[in-house]
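Participant: Below is a structure I'd like to ask you about.
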Amino acid sequence: MATPTPPQQQHDDIYSFRYLSGLGNSFSSEAVAGSLPRGQNSPLVCPLGLYAEQLSGTPFTAPRARNLRTWLYRIKPSVTHEPFHPRRPAHRRLIGDFDRTTTVATPTQLRWRPADVPHAPPLDFIDGLYTVCGAGSSFLRHGYAIHMYAANKSMDGCAFCNADGDFLIVPQQGKLLITTECGKLLVPPGEIVVIPQGFRFAVDLPDGPSRGYVSEIFGTHFQLPDLGPIGANGLASARDFLSPMAWFEQAHRPGYTIVQKYGGELFTATQDFSPFNVVAWHGNYVPYKYDLSKFCPFNTVLFDHADPSVNTVLTAPTDKPGVALLDFVIFPPRWLVAENTFRPPYYHRNCMSEFMGLIYGVYEAKADGFLPGGASLHSCMTPHGPDTKTYEVVTELFPRSV
């Protein structure tokens with residue numbers, strides 16, 4: 001087999017990465033010129049002696065508009081690993097099935113303080129990940145889980161693979177440098193990254209300790225919400241989503257460990273090579289990131305407070321029209337222009353549960369007590385709304401019109 005050589009511009013300077021623009025596009029990328037087959041997906045002999053491997057994110061027969069798959073051209077196929085075994089010691093803080101044997105149900109409003117990032121013991125992204133809440137089942141392929149993480153070391157000699165669903169990761173403190181089979185993504189606080197089901201990835205911490213939030217969905221994938229009467233433009237633009245360009249390493253790595261999450265439990269398998277040995281790829285099933293400052297919000301310009309759904313960045317749809325499995329919604333800096341209107345979010349009871357985190361700043365409905373890195377949960381039909389201090393300040397600053 002020929003030995004592919006990375007071009008000179010492909011290096012580990014974390015501030016020089018280039019990306020592919022667009023969400024839902026069909027991309028192609030090669031780290032070595034001529035490594036991508038032309039005219040077919042799986043030739044008898046691939047260029048440079050690479051191996052063709054397809055990663056499918058949907059069933060083969062999914063409608064074309066929703067069919068997701070990517071072809072990877074790798075130095076060694078990912079099947080060449082040792083058998084999987086339950087990880088030891090077991091990770092006791094991850095849940096994939098939510099029932100009375102694994103969780104406690106309560107309608108009480110809950111709030112968490114920011115998690116301290118421990119200095120010891122060493123915790124990478126995997127060991128620092130823990131489940132906060134969720135619903136449904138990863139085995140039944142329907143539901144979601146909300147996790148948080150606090151890590152103080154980069155992943156070394158291992159990669160993570162989530163066979164249960166997509167990860168949407170929101171760093172709140174500390175950049176993440178994420179290496180995937182499609183290439184590298186640098187994700188600072190204020191950006192999000194989606195790692196689709198099945199991709200192997202490793203998380204480095206270029207700024208030191210990091211913490212943040214993770215949404216996980218089972219049985220579907222994130223997509224942009226329909227805009228309806230808003231029209232063709234607004235909210236998150238597909239052009240602002242960025243996917244990595246091909247990057248690879250081919251070093252011999254004896255004892256390299258793949259950590260696979262399956263059914264909420266972790267399993268490990270060893271191999272003698274890096275999983276990031278993909279020299280070229282093409283397809284529409286790829287990791288991507290998004291800068292939340294590029295979100296174009298819509299808001300009230302005369303009276304009353306808009307429903308929070310108008311701030312949806314990404315949605316995970318169900319088969320029932322208008323009903324999401326999970327919506328990722330943000331409340332970015334924006335103008336609130338209204339007459340004779342209570343400015344913060346209204347008091348509310350909701351058929352959907354709401355989990356909220358804070359990346360930076362102050363949440364407009366909570367004057368104090370809700371800090372960056374913290375979280376809150378308002379379960380189905382549990383009343384919630386602004387605290388007393390916020391209500392009093394707002395009604396004094398913006399009195400009713402006469």
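Every residue gets a Cβ built from N, Cα and C, even glycine.
Sharing the feature lines straight out of TrEMBL:
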- His305: active site, proton acceptor (ACT_SITE)
- His348, Glu354, His384: Fe cation binding site (BINDING)
- Tyr363, His384: homogentisate binding site (BINDING)
- 18-292: domain 'Homogentisate 1,2-dioxygenase N-terminal' (DOMAIN)
- 293-395: domain 'Homogentisate 1,2-dioxygenase C-terminal' (DOMAIN)
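How buried are these features, and what lies next to them?
Facilitator: With a 10 A radius on its CB, His305 (active site, proton acceptor) counts 15 other CB atoms from all the protein chains.
Here the Cβ of His348 (Fe cation binding site) has 13 other Cβ atoms within 10 Å, regardless of which shown protein chain they belong to.
In sequence order, Phe331, Met356, Phe370 are the residues of the chain that are 6 or more apart from Tyr363 (homogentisate binding site) and have a CB within less than 8 Å of its CB.
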Participant: What is the Cβ neighbour count of Glu354 (Fe cation binding site) at a 10 Å cut-off, with all protein chains included?
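Facilitator: A 10 Å sphere around the Cβ of Glu354 (Fe cation binding site) contains 16 other Cβ atoms.
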Participant: Between His384 (Fe cation binding site) and His305 (active site, proton acceptor), what C-alpha distance do you get in Å?
Facilitator: 15
Participant: If you draw a 10 Å sphere around the Cβ of His384 (Fe cation binding site), how many other Cβ atoms fall inside it, taking every protein chain shown into account?
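Facilitator: Around the Cβ of His384 (Fe cation binding site), 17 other Cβ atoms lie within 10 Å.
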